[in-house]
Structures are given as C-alpha cells and as structure tokens.
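Novice: Okay, handing you the structure first.
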Amino acid sequence: MATKRIGILTAGGDAPGLNAAIRGFGKAAIQEHGWKLIGFRDGMRGLAENRFMELDGASLSGILTTGGTMLGTSRDKVHRMVVDGETRDMIPTIVENCEKNKLDALVCLGGGGTAKNARRLMEAGLNVLHLPKTIDNDIVETETSFGFATALEIATEAVDRLHSTAHSHHRIILTEIMGHRAGWLALGAGIAGGADVILLPEIPYSVEAIADKIERRRSYGSTFSVVAVAEGALNVADREEINHAEALVKDASSPEAKAAAKRGVKRLEASHRANTFTLAEQLEAATGLEARVSILGYVQRGGTPNAADRLLGTRLGVAGAHAIADGEFGVMVGDRGHGTELVPLKRVAGKVKYVPRDHEWIRAARAVGTALGD
Ligand code: F6P
C-alpha cells in the first residue's frame, strides 16, 4: 500500500497547546503509521498559496512545551480570502494544491472559524479532520479545547494579583478577560480567583446591581472590589439592541440583506467594545470609589502551555491520527473526559457553546456570594 501523505495546519487565534497537538498527531502519524507529513504555513492562507514545510521526527522534537504555533496562523476564510486586494473564493485553488501534494487527508487545528472552513473544504471533497483549539472553550461537542486550561490559569493569577492592589487603594478594579462571545474564561477565572463580581455575555448586567454588591461589601468593611468582565459582556440595553440586530439577520430575505444585517451586528459589537471603561466610570459615579481597568489581552494566550493543555493536545492529536488510519473523515475529535469521540463536522461548524444560565459553575459562583450583575 502507498504511504499516506497528510497535510496539517493551524488556523484562527493561536493558543497554548497547538504545538503539543501538532507533535502528538505528527509523532503518531510518522512513528506508528509511517506516513509523510507536511505542515502548511499560516493557516488557510499557506494552504491557498501552497506554502509548507516537511515535518519529520526532528522538526517535531522540542515543541511540546512551547507556546504559539510552529506553523504560524491566520484568520482567513477559504471562500472569501483577500488576495491582491480582491476577495476571492480560494476553495478550488486549495483543492488543486491538495491534489498537487497528493494529500490523503488534511488536519485542521482551530476553533469555530476553522471548523466552518474545514466543513467548506469537506464539502469540496477533501478528507478533512478537525482538532478543537481555543482559549474561549466555546466549541460545541467537546468538553474542552486545548488553550483553555492555560488561559484559565493566567487569568486566575491576574484576578488573584489584582486583589492586593485593589485592597491597598480601596478601589474597584475591573479586569477584562477574553472569551469572544462566551463567558467560560471570565467565569472560571472569576470563581477560581475569587472575584466579587463576574460579568458574562450570557447574563446581561445592570450597573445598579453591580454597585449594590460593591456597596454591600463596603457596609461590612471591604472597601475594594474586583470585577471580572468577559470581553463580550453587555448591559441589558446593549444586549437587547444586539438581540434585535441578530433577529434581523435571521429574518433577512436575501443573501445581500443577510450580509448587511450581519455587518450591522458587527458594528454594534464594535461600538460596545469600550464597555469596560464606560462601566468603570459608571461604577465610580454610583459608589464614589475610584475605579481602574486592567485589560488582560494577549498575555492570556501567549507563552508555554500548562500540563493539562500539553496532555489534551497530545491526546487529541494521537486520536486524530488513529481516526485517519480508520478512514474517518469530516469529523472533529472531541474530548470526552478521559476518552475522545469523533463528531461529524456538520454538528460543530457554525455553532457556539455558550455558558448555560443554569450551569454548575454559575450555581457555584452564586452560592459563594459572587454577584453576576443581574
Ligand atoms: O478566540 C480567541 C481569542 O483570543 C478571543 O478570546 C479574542 O476575542 C480573539 O481571539 C482576539 O482575536 P485576534 O487575535 O484576532 O485579535
């Protein structure tokens, strides 16, 4: 039987554990199955431009503990890629490149956007496999994704550290935590770091409810508060405005109207990006305490992966190689506790795992007296 040739790429925002997953997949592919492996540079863009490097035992060695992705990444969409200033459908070129390289399968490591791209390539006839990566933990059909555990540790340490400075200065400190439209990272770090208030996209907040919590703390002598704010958190009025704009997307009667409505949602989301600073001003006015904002930003996803992400990346990577050996394509390798499960991409692409309002983490936060702004 001819040796299999497999392509691999990383796409979307980088996350700790990507290299562990490339290594896990690659070592299993090369050592257990004897396949040839090529790594496309910079995500879907490198695939469209046919830029790649050969991966072998030597190039996969020493990367388990490193952050970022050895292959580079980008946020390009395969069906709408900007090339020489023009938006083009690059799917036919990508299919051609895969044929040119005689690929038996293409492994895509990425989050929600990558799952959608992988599905488009699957529908164009490629043998695709997806491994779930994101610090946001918002991919459906998998318990978690590599990157999340490390980001959770970093964000938790930040929430911890903000306590002593907030306490010393009798201030409110709002810390903005990544997570895109989902609140997993802020909720997890807020609980683990002991934030007094946690604000999530899934639970619209009111300034009065937050100020009330801060006042109650002050009444028993705690003249400071730490507020963990998910980057997608919205107050009640803004949430309603976005819900309305999203309804227009659903009800749009033509592709053009849908695209225009989607742009409307994006515009609104962008205009609410400075929410954390506005909220700080509102809380100062409501409580008379000084407020400061600390945006955690990219430190949450840079740097070395923790043990959990190295383990998860390795497990999912190895399971991905086994899936290809079994001829399983058009699937994501989902994490199910100590095992894995192959999930059809059509059940994953285009979906987002939000924090359910009755989730155990939410109940735990409320039970220990953390306010959620509602
Ligand atoms: O999806 C991962 C993530 O880090 C989100 O938490 C954040 O909203 C986004 O990426 C930032 O994107 P970019 O890297 O394009 O600035």
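From the backbone N, Cα and C atoms, a Cβ is placed for every residue, glycine too.
Note that TrEMBL annotation is computational and uncurated.
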Novice: Please pick, from GLY7, GLY13, GLY17, GLY24, the residue that TrEMBL records in the ATP site together with ARG75, ASP76.
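Specialist: TrEMBL lists ARG75, ASP76 binding ATP, and from GLY7, GLY13, GLY17, GLY24 it also lists GLY13.
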Novice: Given the recorded positions GLY13, ASP76, ASP136, return the subset with CB under 6 A from an atom of ligand 1, ordered by sequence, or none if empty.
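Specialist: Only GLY13, ASP136 qualify.
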Novice: Taking the Cβ of ASP136 (active site, proton acceptor) as centre, how many other Cβ atoms lie within 10 Å?
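Specialist: ASP136 (active site, proton acceptor) is surrounded by 28 other Cβ atoms within 10 Å.
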Novice: For VAL299 (substrate binding site), name the DSSP secondary structure in the helix/strand/coil scheme.
Specialist: helix
Novice: I want to verify one value. Collapsing DSSP to three states, which class is ARG292 (substrate binding site)?
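Specialist: In three-state terms, ARG292 (substrate binding site) counts as strand.
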